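Listed in TrEMBL:
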type	residues	note
SIGNAL	1-21	signal peptide
DOMAIN	35-117	domain 'Ig-like'
DOMAIN	119-213	domain 'Ig-like'
DOMAIN	231-309	domain 'Ig-like'
DOMAIN	320-404	domain 'Ig-like'
REGION	409-456	region 'Disordered'
COMPBIAS	441-454	compositional bias 'Basic residues'
DOMAIN	459-558	domain 'Fibronectin type-III'
DOMAIN	565-659	domain 'Fibronectin type-III'
TRANSMEM	685-710	transmembrane segment
Amino acid sequence: MDHLFFTSITVLCLLIRFGGASFSEVQELGFLEEPSSLLTADDSNEPATFRCSARPKNVETYWIRGGHTVTEDTPGVTKLTKHRLSIRILSHSNGSSTHLDNSYQCAARLGDSIMLSSPASAIIAALSHFDQHQEDIHVSVTEGNVAIVPCKLPTSVPTAVSEFLYNGSKIDKSTDRYHLMPSGDLHIASSQVWDSGMYQCIAHNPFLQRRMTAPHKVFLTVNVPAAGERPSFKSVPVKTVSVVTGSNVTLECAADGNPVPDVVWHKEGGHLPKRRCNLMLGNLEIVGVHTKDGGVYVCRASSHLGTISGKTELVILEPPRIITPLEHHVVKHGTEITLDCAVRGNPSPSVKWFHNGKKVHHTSHVVTHDTAITIKKMTKHNDGIYQCFASNSLRTIYSTSHITVLAGNDTRSPGKSVYSDDNEEENEPDSINGASEGAGKKKGGHGRRKKVKGVKLVPPSRPEITRLSDDSVMVHWSVPQNDGLPISFFKVQYRDVSNPHSKWMTVDTDVPPHINSYAVTGLKAGAKYKFHIAAVYTNNDNKNGPNSIRFTLHKDPPKKRPIHGPKIHRVKTESPSAITLFWEYTDMDAVEIDGFYIYYRLTESAGDYLKVAVSGANTRSHTVSHLLPDTSYDIKMQCYNVAGASEFSNIWTKKTMPSPHIVEKKASEKRTVVQTTSPEHGNDFFYIAVGVGLGVAVLVLIGLIALCILRHRQQRRRHVQSLSDHNSNLQQNGHIGNGEYFTTQSRIDITLNPLDSVELSELPKEKYAAIIVTQLSNGHRVNSRDISTDGAIVKAENV
């Protein structure tokens, strides 16, 4: 009997060990950091370095190039470690190198399960020469029209930007009159005779910091208009323009003629994008293009002498997108399974399948379709990780499915497997002060807040975390559109999860409801944190959003941060409280970004900037709201990823519109002046006489009232003197006497959280004044009830 019991226990242990091995392995296997593509100079002495890390701790990582494992003997490899690969780029004899030649993948192995990362490429930056055989170019334009100085930029990685020399003086940025176009041409608004002269184009590669000057020159002649001229194109609209979704695009169309022709655009079989298109010097700019914006756009230039038109087809490029991610499965031995990886994109993505790091081919046992595979009679050999990689010319993405094949005697139920969510955290605070629901009453407090029934409280989203420095991060979140109770302010809470005994910490600052980001400082490098956002509603109730994913504050982050920031090229006033920014961003660092930061403050202030986080690497515009009317703001930007933020962009100054009621008042005053200075009747002198008589009567009445008040005050002063001793005693008790009347003193509750308060008398005058100045300098209205020792919300109430 004992022998039988021991044998049963042994068999059970073996089943658990081997039968469940694959399930437990794939449950934890995953990448913490994947390699990303990068730019490198062809003459750089610094090697290109890729980084990779995976979980769990005992996972094995290695590198793959062209389907083969990279070793220290692989040509170009200078350093090879578990988490880092450094290579020196090997150029071909012609000085070029394709992305595929320098494409690498990281592989993570745990037991028999293998997962591949997205491919990363080392891209060689380069700037070619201008066409050496191009002869000088002569162009002419009628005065008042848009003048075009052409420039065909040479091949460059990343794309070069144009600069110009005009009679020896450099034009390196757009102004009110000079506009450097994406094509490389220079457009001059309302050209004048003095714009005539010699121009020379310069191609600038910002990454390499190299400039190439064109050997040929462009001679511009601006003619004084003499006779009428029919409209003509000085630059014929190009036939096709391609742009990636989310980017901005400019369709160029410049016409000449006398009189200056009117230029209008329309879309064949559709409409121009509402609120996302602008007309500038005859060119059509579309902001944040959508897939539906693709089509043929028609530019028409007309005057009373004639009409001409040109067409440009706008092709929208879309990175691959997996419509439905793969799911994990637990299947029985001998069953059939189909995995579908439906994708979208333009150009149409190609799909490749991998099983445990090896490419899946069509066989009698495995049937491959366009985007799907069907595996017949699943066996233990088919257990493991399946990945579909979708690629087009823009990028490569993948989705992963963990498949566990049960043995015939395994009692587990087949179906979709459920994996624990590492984002869930125990002991989460139930309220702003960190007290849990079961905590009961605090010392000196009032216990748990009573929930109001029938009120809809919509919490903030799961926050995203971005590294700012060795001891600070940026936390940003959102709140979906809803019909719930309005939010008064947000609170940011965080916890050091690397310390099991740590508690949730609450940032003192109350974040206004229209702000969706906050910089948390005073953190420890190397520590692991979780964050969440608590919303405090107008009924003083609060609700926590979900926890962030676990974030490690690396001192030396495994991923490179972007160096070069965006460039603000236009700012538009929308209303008395809103300004829209338009910017450009060229990925000169070949580092993936997650979005942009917008900083703004009053121009006349030296206070801190307010920050707004804008998600999306392809976003190129954003509206900043809740500004003061008729006020000038300084605005600047950064781009960011998880490793940190870039350098700052150029600073742009813009003023909001005046408040409508102020404009209306001024207009009313103007109308009043016009009416009083424009008599309409012949008996004006009669009305003037009546008005003067009434005015004299009013003055006499006012004099009599003033005399009565003066005599009354003299009587009161004598009565007040007799009560002075009584009032002095009342002042000591917190009341102020005023003759026969007494007033109660207001108490100001400064709320750092819903359960704490301090008195206004505890707030130093210097602190009060400093907070007022700081808040005003950040561009927001401040009332006395909104001030606290730490910028918290203040409530005033009578006791």
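Backbone N, Cα and C atoms are what each Cβ position is placed from, and that goes for glycine too.
Note that the structure is a prediction, hence the values are computed from the model and not measured.
Helix, strand and coil counts from DSSP across the domain 'Ig-like' (35-117) read 3 helix, 39 strand, 41 coil. Among the listed stretches 35-117, 231-309, 565-659, the one sharing the most Cβ pairs under 8 Å with the domain 'Ig-like' (320-404) is 35-117. Confidence over the domain 'Fibronectin type-III' (565-659), given as mean pLDDT on the 0 to 100 scale, stands at 85. Each residue of the domain 'Fibronectin type-III' (459-558) gets a DSSP state, and the totals for helix, strand and coil are 0 helix, 43 strand, 57 coil. Summarised by DSSP class, the composition of the domain 'Fibronectin type-III' (565-659) is 0 helix, 50 strand, 45 coil. Residues in the domain 'Ig-like' (320-404) partition by DSSP class (helix H, G, I; strand E, B; coil) as 3 helix, 47 strand, 35 coil.
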